[in-house]
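J.: Could you have a look at this structure, given as structure tokens, before my questions?
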Amino acid sequence: MEMEIKDENLRNSVPFVRQLSTDSVKTKTEYDNEDGTPYKSTTQKLFLWTQLLAAFAVSVGSMNVGFSSGYTSPAVLTMNITLDITKEEITWVGGLMPLAALVGGIVGGPLIEYLGRKKTIMGTAVPFTIGWMLIANAINVVMVFAGRVICGVCVGIVSLAFPVYIGETIQPEVRGALGLLPTAFGNTGILLAFLVGSYLDWSNLAFFGAAIPVPFFLLMILTPETPRWYVSKARVQEARKSLRWLRGKNVNIEKEMRDLTISQTESDRTGGNAFKQLFSKRYLPAVMISLGLMLFQQLTGINAVIFYAASIFQMSGSSVDENLASIIIGVVNFISTFIATMLIDRLGRKVLLYISSVAMITTLLALGAYFYLKQNHIDVTAYGWLPLACLVIYVLGFSIGFGPIPWLMLGEILPSKIRGTAASLATGFNWTCTFIVTKTFQNIIDAIYMHGTLWLFAVICIGGLLFVIFFVPETKGKSLEEIEMKLTSGSRRVRNISKQPENIC
């Protein structure tokens with residue numbers, strides 16, 4: 001499937017980019033030039049095209065994640081035709097990827113700190129391709145397992161690295177919108193898997209997946225390492241060059257450079273082992289918020305729905321074809337994240353999480369009722385449309401809130417001192433939850449039936465809503481330094497900025 005995104009369409013697809021890329025802003029006179037002389041008050045234009053390129057490059061890479069997640073649903077329908085594979089082994093085709101992603105999440109933290117964000121991300125392109133080629137050429141289930149493990153490790157690494165890279169390169173005013181692009185393109189990968197999988201068998205679908213890392217690798221060559229990583233390695237001039245590339249040659253970057261340096265100095269001053277400090281009083285709030293969001297993201301059951309969408313429709317006895325239903329869900333998943341990009345910097349993170357929770361709770365309860373009636377031999381033929389309607393609204397709700405926002409906030413709320421280690425912990429925890437949900441999904445259905453499983457997910461969603469209300473801060477419009485200062489100073493919440501700053505550096 002050929003994807004062409006022209007400059008104008010790209011600008012129009014991201015809220016505020018058109019406005020911010022043309023509006024004039026005044027620079028402050030209180031910041032000094034490198035030679036110590038004060039800046040003159042001048043009119044400059046914000047330069048966002050390079051930030052768009054950086055976000056777009058990472059987002060294309062996120063298609064690998066989505067394709068890996070969406071592969072199972074169409075593949076298992078044809079895999080048992082040409083492979084000698086049992087029902088239990090099929091569950092491992094779905095379960096091995098998140099389990100391996102757990103390992104990737106653990107090793108990804110040290111990698112992004114040692115090698116840098118960019119090199120770590122680019123380094124996954126070749127293994128991704130190797131993993132897909134193993135699956136495509138598999139003559140037994142062991143080769144499929146090996147390919148899924150390799151792809152899974154890469155998924156875990158980039159799941160951690162993408163939000164950190166976005167958080168450290170994009171300006172606060174558009175970080176919400178651009179920060180959701182990786183999730184949007186991840187959903188594109190899921191949609192591609194569903195669409196292409198309706199025409200290709202499991203082997204040829206894997207060949208298709210092997211081609212996705214190529215454009216991602218080429219685009220990442222054009223982008224810089226993050227300024228924050230350079231500063232953490234005392235490579236100040238390279239940090240300045242990177243920031244200049246991201247913000248534009250004629251934009252005042254001195255305040256941002258100064259904030260980066262001060263933040264790093266404070267991190268260096270606190271000293272100590274980053275892992276030991278994860279659960280210190282200073283950093284515990286940010287870590288627990290991140291872990292909580294990851295927990296509720298996965299225990300809503302979304303990956304079980306994505307991995308086994310076709311099977312769920314077969315069980316429902318719905319009049320809607322299971323392959324068509326899977327494609328419709330993929331389309332909704334794809335479109336809804338772009339809706340979120342238009343809303344997140346207007347409504348904020350918390351409002352979208354509220355909407356997300358309510359939508360999922362309502363639809364899971366309704367779909368559970370449908371399966372309960374069917375289980376008790378009550379005729380539900382007249383409601384054959386209900387499973388698709390519920391799952392569409394469920395996926396829509398998830399994709400505008402609990403889908404992208406935990407990953408976005410991973411790059412926002414974790415303090416620089418522990419960012420790599422904490423992101424590694426949160427990512428590993430996320431994929432642990434994903435593995436548990438996907439691997440035990442069929443077992444839970446066997447134990448408490450489909451209606452009980454869906455109602456269990458609904459109760460967990462209620463817990464997620466309460467968690468957001470009482471513990472999750474609003475980060476809209478905040479710089480990373482402001483968020484870190486609030487969360488590490490003992491403040492329970494990060495207050496929302498209702499008015500954007502007049503001066504942007």
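Each residue, glycine too, has its Cβ placed from N, Cα and C.
Okay, these came from Swiss-Prot:
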TOPO_DOM  1-46  topological domain 'Cytoplasmic'
TRANSMEM  47-67  transmembrane segment
TOPO_DOM  68-91  topological domain 'Extracellular'
CARBOHYD  Asn80  N-linked glycosylation site
TRANSMEM  92-112  transmembrane segment
TOPO_DOM  113-124  topological domain 'Cytoplasmic'
TRANSMEM  125-145  transmembrane segment
TOPO_DOM  146-149  topological domain 'Extracellular'
TRANSMEM  150-170  transmembrane segment
TOPO_DOM  171-175  topological domain 'Cytoplasmic'
TRANSMEM  176-196  transmembrane segment
TOPO_DOM  197-201  topological domain 'Extracellular'
TRANSMEM  202-222  transmembrane segment
TOPO_DOM  223-286  topological domain 'Cytoplasmic'
TRANSMEM  287-307  transmembrane segment
TOPO_DOM  308-323  topological domain 'Extracellular'
TRANSMEM  324-344  transmembrane segment
TOPO_DOM  345-350  topological domain 'Cytoplasmic'
TRANSMEM  351-371  transmembrane segment
TOPO_DOM  372-390  topological domain 'Extracellular'
TRANSMEM  391-411  transmembrane segment
TOPO_DOM  412-419  topological domain 'Cytoplasmic'
TRANSMEM  420-437  transmembrane segment
TOPO_DOM  438-451  topological domain 'Extracellular'
TRANSMEM  452-472  transmembrane segment
TOPO_DOM  473-505  topological domain 'Cytoplasmic'
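Explain the structural surroundings of these features, please.
T.: Distant neighbours of the transmembrane segment (47-67): 5, 7, 10-11, 14, 17, 20-21, 121, 124-125, 128, 151, 154-155, 158-159, 162, 165-166, 169-171, 174, 178-179, 181-193, 209, 212-213, 215-216, 219-220, 222-224, 245-251; these residues of the same chain sit at least 6 beyond its ends, with a Cβ under 8 Å from one of its Cβ atoms.
DSSP places the residues of the topological domain 'Extracellular' (68-91) in helix, strand and coil in these numbers: 19 helix, 0 strand, 5 coil.
The Cβ of Asn80 (N-linked glycosylation site) has 14 neighbouring Cβ atoms from other residues within 10 Å, across all protein chains displayed.
Listed as Cβ neighbours of the topological domain 'Cytoplasmic' (113-124) (distance under 8 Å, sequence separation of 6 or more from its ends, same chain) are residues 58, 61, 64, 154, 157-158, 161-162, 164-165, 168, 213, 217, 220-221, 223-226, 229, 232, 420-421.
For the topological domain 'Extracellular' (146-149), the residues of the chain that approach it from at least six positions outside its boundaries are 93, 96-97, 100, 130-136, 138, 206, judged by C-beta separation under 8 angstroms.
Under 8 Å from some Cβ of the transmembrane segment (176-196) lie the Cβ atoms of residues 1, 3, 14-17, 51-52, 55-56, 58-71, 73-74, 162-163, 166-167, 170, 205, 208-209, 212, 306, 309, 326-327, 329-331, 333-334, 336-338, 340-342, 344-345, 349, 399, 403-404, 407-408, 411-412, 476, all in the same chain and six or more residues away from its ends.
Sequence-distant contacts of the topological domain 'Extracellular' (197-201), counting only residues of its own chain at least 6 positions beyond either end whose CB sits under 8 Å from a CB of the stretch, comprise 70-71, 73-75, 78, 81-82, 208, 323, 326-327.
Look at the topological domain 'Cytoplasmic' (223-286): DSSP puts its residues at 42 helix, 0 strand, 22 coil.
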J.: Please check if the transmembrane segment (150-170) comes into contact with the transmembrane segment (420-437), where contact means 3 or more CB pairs closer than 8 Å and the residues in each pair are separated by 6 or more positions.
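T.: Contact between the transmembrane segment (150-170) and the transmembrane segment (420-437): present.
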J.: Which range out of 92-112, 202-222, 324-344, 452-472 gives the transmembrane segment (391-411) the most CB pairs under 8 Å?
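T.: The stretch I would name here is 324-344.
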J.: With pairs fewer than 6 apart in sequence excluded, do the transmembrane segment (202-222) and the transmembrane segment (92-112) have three or more C-beta pairs that lie under 8 Å?
T.: no
J.: Give me the stretch from 202-222, 351-371, 420-437, 452-472 with the greatest number of Cβ pairs under 8 Å to the transmembrane segment (287-307).
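T.: Stretch with the highest Cβ contact count: 420-437.
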J.: On the 0 to 100 scale, where does the mean pLDDT of the topological domain 'Cytoplasmic' (223-286) fall?
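T.: Looking only at the topological domain 'Cytoplasmic' (223-286), pLDDT averages out to 84.
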J.: Grab the same-chain neighbours of the topological domain 'Extracellular' (68-91) for me: Cβ-Cβ under 8 Å, and only residues 6 or more beyond its ends, written as numbers and ranges.
T.: 97, 138, 140-141, 144, 151-152, 155, 186, 189-194, 196-198, 201-203, 205-206, 209, 303, 306-311, 323, 326, 330, 438-439, 442
J.: Where, among 125-145, 202-222, 351-371, do we find the most CB pairs under 8 A to the transmembrane segment (452-472)?
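T.: Answer, by Cβ pair count: 351-371.
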